[in-house]
Ligand SMILES: *Cc1c(COP(=O)(O)O)cnc(C)c1O
């Protein structure tokens, strides 16, 4: 498609967009009396309008039924989390029994490492990407120290080549092969939070499995963003948060995937609690743990229903639209944003360098040469919500659910003014 940097062209794209009606399904912050152009769905997705109803329903059931709500609410609380499994299974390419919803992301990665990082004298190393999201680095280091090992020896980071902004799959595979029999676990971010790169999860998973390691994925920036096929890829486990592209609200509950082959086992190391016990025997309060034959076996506590309600509302939207349609629009809108950036780049003195490689999802990370904080502040004051990463990077994620082509055009005009108004 040949793009044009005009309002009419952007509006034509919106008119042809099957998903444009979903813009009305979300609430927008206001700046100068208008809806903002929202580029930070990779950090906190917008609130779907229908979410309020789901939360109100739980508040009402609690008010009117109190403890009886566990079994007699319209959506009973004791198995409320199971309502999310089917929708999430479609989003991540899994079977419903491989999914559970619980806790928050870093907590879940720790819990999953209890099961899938079992270092021995010989096999004790972990491969991750260099400069992983800080929480992931702290998590890996503290797990390694917990086992009495030295993070400097046990954690192997795959680096980018000098002068390059993205990882090469061949370098990751080479590192996996090199560490070989010493490799206990590969745990990486499926989509990198900084440069927006989508790793070749299928190839990397296969390489890790081939040397006998466990392979897990942090899907914080991948879920609801890119095509995932966790079951067929044969990943051992994964976890994600729900407040980024999944639009389920600040700090909200996380999801996990555990591959079918690890389910229904009593002898797997795992931190356990009563909500992981089979439902039939849970309330018999027996001393011996009898795991549910699903990823719910990793659940410790009875789930936070007020958190699950917004997650269920947002999953309903994903179910209605489907990942394929979302990804199709995403590809076009990100390409249009890229085009707009190049067009504005030609018209102004300063230069923008897109550091996101072609293996990408929703996000373009843009290096502002010679610009910086002042331009970022100008954008924010003029209703473009984006975010700033040191040293000089803004991240733009036009989530296909609620961003329009007209937003991209208007953003270009504001960006152009911002570079001229310094
Ligand atoms: C957003 C994000 C997190 C956040 O972790 P929480 O436990 O939800 O606070 C962790 N890892 C990555 C890669 C992220 O992008």
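Keep in mind that glycine also has a Cβ here, set from the backbone N, Cα and C atoms.
Residues 105, 106, 133, 134, 135, 136, 218, 221, 274, 302 are recorded by TrEMBL as pyridoxal 5'-phosphate binders, and the candidate that the same record lists for that site, out of 72, 243, 336, is 243. A Cα-Cα distance of 12 Å separates residue 105 (pyridoxal 5'-phosphate binding site) from residue 244 (N6-(pyridoxal phosphate)lysine). Only 133, 135, 218, in sequence order, out of the binding-site residues 133, 135, 218, 302 have a CB under 6 Å from ligand 1.
The CA atom of residue 133 (pyridoxal 5'-phosphate binding site) is located 14 Å away from the CA atom of residue 244 (N6-(pyridoxal phosphate)lysine). Neighbour density around each Cβ, counted as other Cβ atoms within 10 Å, peaks among the binding-site residues 133, 243 at 243. Following the DSSP three-state reduction, the secondary structure of residue 218 (pyridoxal 5'-phosphate binding site) is strand. Binding-site extent for pyridoxal 5'-phosphate: residues 105, 106, 133, 134, 135, 136, 218, 221, 243, 274, 302, maximum pairwise Cα distance 32 Å (rounded to the nearest whole number). Recorded residues residue 135 (pyridoxal 5'-phosphate binding site) and residue 244 (N6-(pyridoxal phosphate)lysine) have their alpha carbons 16 Å apart, per Cα-Cα distance.
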